[in-house]
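> Per TrEMBL, the feature active site, nucleophile maps to 85. Annotation comment: TrEMBL describes 85, 380 as Mg(2+) binding site. Feature annotation from TrEMBL assigns active site, proton donor to 87. Annotation comment: TrEMBL describes 87 as GMP binding site.
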């Protein structure tokens with residue numbers, strides 16, 4: 001729907017007249033009358049006359065639990081193709097049922113590999129793992145990092161090692177890790193698929209150290225003893241094998257409703273998009289047979305005007321091999337729907353109802369005639385679905401699905417008083433320094449405030465997760481995962497179905513990304529304070 005058609009339905013909304021207000025120290029006043037009878041959307045003439053105001057009504061906000069959050073502005077009116085990942089995006093796996101399945105299969109494969117059969121008694125703990133944590137293969141620690149690589153939380157086995165203690169400094173003298181070691185020494189559990197693996201690894205460390213009194217070595221290449229690195233390699237192999245040999249998928253398909261949520265609103269979402277002339281495509285790393293079974297479960301027999309799940313999509317790509325799809329990719333092949341085999345001839349166009357395998361971004365762009373900004377891709381994998389679209393200059397717009405957002409929002413509501421206390425402590429700390437400059441000696445009591453801030457931050461973190469804190473931050477420090485979301489995802493939300501809450505001409509407008517000095521300048525404007533900033537240097541005598 002184009003903007004001009006919306007303008008034709010403009011309506012005038014009466015807004016309460018606000019009193020005049022003082023601006024800064026000049027005692028000027030400004031009337032709000034210019035927006036008393038503004039139409040929505042406003043006309044060109046109204047916008048030309050519009051003045052800034054210090055007393056606007058509160059901006060309209062959608063319900064926080066059904067909202068899409070904005071890092072970078074996106075105009076849905078420009079989006080011609082809406083693309084979707086399948087696993088953990090369209091197919092939302094039920095927790096903890098899915099994690100328990102993956103956990104148990106990995107246990108079984110480790111026992112077959114020669115691990116003690118007693119590890120089969122270990123149970124998945126849904127209260128333990130958090131997405132975005134890093135495993136230090138050298139020391140066997142799970143780490144929550146901030147966006148600069150500093151350690152926010154350190155957990156060995158399931159024991160929390162307090163930050164800034166000698167115990168942590170033995171491992172990390174500078175309380176930080178080297179970014180150059182991410183991907184080699186440090187492995188990131190950055191998807192929900194990694195939760196069961198992180199939990200099992202920590203429990204295996206405890207099992208061997210406490211029960212069997214095995215002393216791990218931190219040497220990767222020491223073949224004479226068991227070490228943290230080899231434990232990771234064995235577990236990574238077992239988990240990967242569970243996905244590749246069909247163990248997980250076969251179990252899911254035998255009782256699909258136990259492991260995957262179904263919501264009939266998905267059919268409505270795609271139907272509404274197609275009604276308004278938008279294209280819809282599916283691009284998943286899963287192979288044809290599993291994709292066909294899962295999507296049939298999600299979409300078949302909902303609407304009479306869509307005889308098969310395939311008819312909801314204009315393009316269906318399986319075995320996409322993301323993130324490789326956004327780099328060199330592979331050959332695009334058509335899938336035989338009866339046999340599941342692949343054609344040797346590369347298609348010259350995409351056809352609705354057909355299924356393809358492989359391909360690459362450049363070929364997709366050529367066959368669809370799209371520019372990067374005309375595609376919005378929705379996925380859950382921060383690296384495969386989001387980061388690589390930016391690094392490869394694909395330029396698709398992105399919507400990251402972070403299922404934990406809804407739970408985090410609820411916990412913010414539950415911990416409002418703790419957050420308020422943290423804010424009060426930060427206020428007291430700032431107030432303590434008021435009027436202080438280089439000529440002042442240390443005030444007694446400032447360390448007490450710092451101690452209370454640390455304790456309150458820890459209390460707030462524990463209320464999210466007692467091992468790792470919030471997925472997004474520790475106190476005022478942003479987590480590594482949070483920084484990736486902010487840097488690379490244009491939009492993010494807890495559920496792809498939240499797109500139903502917005503018109504397809506909606507403009508997602510991002511808030512200004514202000515540097516600290518800009519925030520202070522805006523704050524001065526808002527409080528009407530145009531006085532010169534504080535200077536620690538003595539003023540000259542007049």
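Just so you know, glycine gets a Cβ as well, placed from its N, Cα and C.
Could you tell me the structural context for the features on the list?
Sequence-distant contacts of residue 85 (active site, nucleophile), defined by Cβ-Cβ distance under 8 angstroms and a gap of at least six in the same chain, are 283, 284, 322, 377, 378, 379, 380, 381, 385.
The Cβ of residue 87 (active site, proton donor) lies under 8 Å from the Cβ of 93, 193, 284, 285, 286, 380, each of which sits 6+ residues away along the same chain.
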> Measure the Cβ-based neighbour count of residue 380 (Mg(2+) binding site), defined as the other Cβ atoms within 10 Å of its Cβ.
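Result for residue 380 (Mg(2+) binding site): 24 other Cβ atoms within 10 Å.
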